[in-house]
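Engineer: Encoded as structure tokens, here's the structure I'll be asking about.
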């Protein structure tokens with residue numbers, strides 16, 4: 001502990017794996033390894049295919065590349081501490097290292113939310129205004145959107161580590177997960193955390209909350225456009241281009257909303273439920289997104305098959 005008058009700050013926190021199943025951590029690590037491997041290889045393959053295939057150099061796939069990079073970042077943020085705990089029972093993480101990991105996890109989560117919104121906007125323009133789509137979403141516009149997404153995440157979350165660093169901590173230093181999460185750290189403080197709670201809630205609602213609302217509005221407008229199409233085949237073709245994105249939105253937002261609610265209001269929720277929702281939120285989307293897009297996107301699938309044939313030849 002570092003002592004400075006009445007100010008206490010732990011030198012480290014203790015991470016937790018899956019409560020009640022500590023003896024099985026080496027075995028539990030096997031599916032986690034499979035998920036991390038899928039996330040790393042799957043997203044790298046998506047990036048490679050898009051880069052090497054000229055026909056995929058269009059807004060939809062530029063945004064998919066951003067999603068893949070974000071998912072890679074999320075997987076790499078939690079992989080060292082999660083597998084370190086499961087394999088070697090390394091529970092200790094330094095205070096500053098914990099704040100750094102937390103900052104990047106939240107930034108990447110906010111970026112993923114914004115990228116999913118940008119993809120919804122792309123689908124809306126492509127379906128509602130197909131002739132104007134290339135002129136609206138040019139390469140320059142896509143680049144500006146990408147930079148704005150990163151800047152929004154970095155700036156909006158910048159005060160969070162400093163708000164946590166000013167708090168006094170006492171007694172418990174045990175986190176609820178094998179990674180650092182803002183509400184988790186905040187609840188270990190024995191000081192007044194009203195500012196942290198208020199700022200965290202405002203930022204969450206004004207970024208991820210607004211992203212989700214605009215995604216829903218985009219799909220309402222898309223459905224209105226699709227209904228106006230003359231034939232059933234056209235309707236199905238238009239909706240089919242959105243299936244992958246809808247799956248990615250559900251896979252990301254459902255566990256994220258669940259975890260936020262548990263940390264803020266679920267004081268009586270069993271620790272196991274809290275842990276499983278947290279892992280679902282941070283590990284499942286990076287692993288599933290490349291699989292979803294590889295299965296549902298004909299262009300990605302065909303480009304992947306061509307690359308495999310060239311390698312065999």
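Note: Cβ is positioned from N, Cα and C throughout, glycine not excepted.
What TrEMBL says about a protein is an automatic prediction, not a curated fact.
Okay, these came from TrEMBL:
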- 42-293: domain 'G-protein coupled receptors family 1 profile' (DOMAIN)
- 24-50: transmembrane segment (TRANSMEM)
- 62-88: transmembrane segment (TRANSMEM)
- 100-121: transmembrane segment (TRANSMEM)
- 142-164: transmembrane segment (TRANSMEM)
- 197-222: transmembrane segment (TRANSMEM)
- 243-264: transmembrane segment (TRANSMEM)
- 276-295: transmembrane segment (TRANSMEM)
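For each listed feature, how buried is it and what is near it?
Structural biologist: Nonlocal intrachain contacts for the transmembrane segment (24-50), taken as residues 6+ away from its ends with a CB within less than 8 angstroms of a stretch CB, comprise 17-18, 56-57, 61-62, 64-65, 68-69, 71-72, 75-76, 79, 82-83, 85-87, 89, 279, 283-284, 286-287, 289-291, 293-294, 300, 303-304, 307.
Long-range contacts of the transmembrane segment (62-88) within its own chain (CB-CB distance under 8 A, at least 6 residues past either end) are made by residues 15, 17, 25-26, 28-29, 32-33, 36, 39-40, 43-44, 46-47, 50-51, 101, 104-105, 108-109, 111-112, 115-116, 118-119, 122, 139, 142, 146, 149, 178-179, 248, 282-283, 285-287, 289-290, 293.
If one looks beyond the transmembrane segment (142-164) by at least 6 residues along the same chain, the residues whose Cβ comes under 8 Å of a Cβ in the stretch are 59, 62-63, 66, 99-100, 102-103, 106-108, 110-111, 114-115, 118, 182, 185-186, 189, 195-196, 199-200, 203, 206-207.
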Engineer: For the transmembrane segment (243-264), find every same-chain residue at least 6 residues outside the stretch whose CB is under 8 Å from a CB in it, and list them.
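Structural biologist: Residues 67, 109, 112-113, 116, 119-120, 123, 181, 183-184, 187, 197, 201, 204, 208, 212, 215, 219, 273-274, 277-278, 280-281, 284-285, 288-289, 292-293, 296-297 contact the transmembrane segment (243-264) from elsewhere in the chain.
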Engineer: Using Cβ atoms and a strict cutoff of less than 8 Å, what residues sit near the transmembrane segment (276-295) while being 6 or more residues removed from its termini?
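Structural biologist: Same-chain contacts beyond the ends: 18, 32, 35-36, 38-39, 42-43, 45-46, 64, 67-68, 71-72, 74-75, 77-78, 82, 105, 112, 176-177, 179, 181, 244, 247-248, 251-252, 255-256, 258-259, 262, 301, 304.
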